[in-house]
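**Student:** Just dropping this structure here.
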Amino acid sequence: MAGQSGSQLSLFTPDEVEFVAEDELVEIVPNLRMDSLNFICGDYGPFYPQIAIQVPLWLALALKKRGKCTIRPPQWMSIENLTQVLEGERESHAFQTLPFHYVEISRLLFDRARDDIPDVYMVRSLVEDIRDVRFHKVETNLENFTASAVTWKNMAAMEVNIIRAFSGRALQAFYRHENEQAVPDLDRTQDRQPQNLNDRPRRNLRPR
Amino acid sequence: MGDYYDIDDILAEEDFVPVQFHKAVNGVKIDESSERGFVEQDSKAELPFWLARGLHLQQAISIKVPACFNRNTRLEIEADAGSVDLRSRCSYFYEFGCKVAPYCDKSIGLLVSYAFKARYKEVLYKAHTKAFAAASKIMTFLTKEETNLYEAAQSSMAAFRKWRMGGPRLQRASILGRKRKPAE
């Protein structure tokens, strides 16, 4: 029965979401010379010292771990942009545009490439604030949802993932209860229709 | 309709409904205290829903509104749905309500859906904010379906917190940790 089965709803753990996020591209500045790397997901390189290049986050972090590059923090992770986003989040009901994987990317960078981010404390607290404000917004949105269509733009992967199990089940339950109600309503609408059909010809007759 | 083998679906039909017999039935002993081996016409009894539904289809009985959807419960739900102890009334309140509604009182459908909408918010708030310790008190009120919802929300929130706090990045396969058995 809807809303009661545990295994039916497919769930991601946060670690899996993080794994997906590691495919996002970031810009790095390597300090080594290396031929291009050919992967299934694409070719990256060749790498020259001090020449910036785009690579997937996992590769960037692997190189960073070995001290072979510095990671350039993405555009949206600047203090100005984050302050603006935070203000936007507080003022409006809509979600501001942020990368789909902003929670995961920011956490990975804070953990493993702190020295590459200017003002890391400030940036970090801004990101945390944004995340809190947004999650609060998600909860207030969840309060007023029903079985009708749900449109929330710009939700991030992690935010969706947190409420995935809950909202999936709740929607199923809502849907089921709405359907229960719809049955008597149908009878009523069917009763009404013949009357309307009778009304229409009369209205049409009047102007003539 | 749910899956035929769905245990919750089966358990939801176990609840008793009050019924009234239209016909006298021979060779049946519903009540242990009655000594006669038949049921008189117009006698009242309580039967599990799955049995009552079958008899109702043969027009042998009529189904009355079960106790968990009576006027008192309605009033309580209208007053403050969030604090009604639905579990003690019927742990499959919603499913049972949906099943019973077509046979006795269609307005049960409305009641059930109203109750779910009102209680859903409570579950939402508490699941995402309260700690586990405080949870035990609310848990005693919730029906089976709500408990599932609550646990779903709790576990995904807990998993997220754990991820954010970090911890061991690499998990060791359980087989690696074992000590090798001494060779004999």
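Glycine too: its Cβ is placed from the backbone N, Cα and C atoms.
Annotations per TrEMBL:
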COMPBIAS  A:182-191  compositional bias 'Basic and acidic residues'
DOMAIN    A:13-71  domain 'DNA replication complex GINS protein PSF2 N-terminal'
DOMAIN    A:76-168  domain 'GINS subunit'
REGION    A:182-208  region 'Disordered'
**Student:** Using DSSP, what is the helix/strand/coil residue split across the domain 'DNA replication complex GINS protein PSF2 N-terminal' (A:13-71)?
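**Tutor:** Across the domain 'DNA replication complex GINS protein PSF2 N-terminal' (A:13-71), DSSP assigns the residues as follows: 17 helix, 21 strand, 21 coil.
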**Student:** By DSSP, how many residues in the domain 'GINS subunit' (A:76-168) are helix, how many strand, and how many coil?
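**Tutor:** DSSP composition of the domain 'GINS subunit' (A:76-168): 65 helix, 0 strand, 28 coil.
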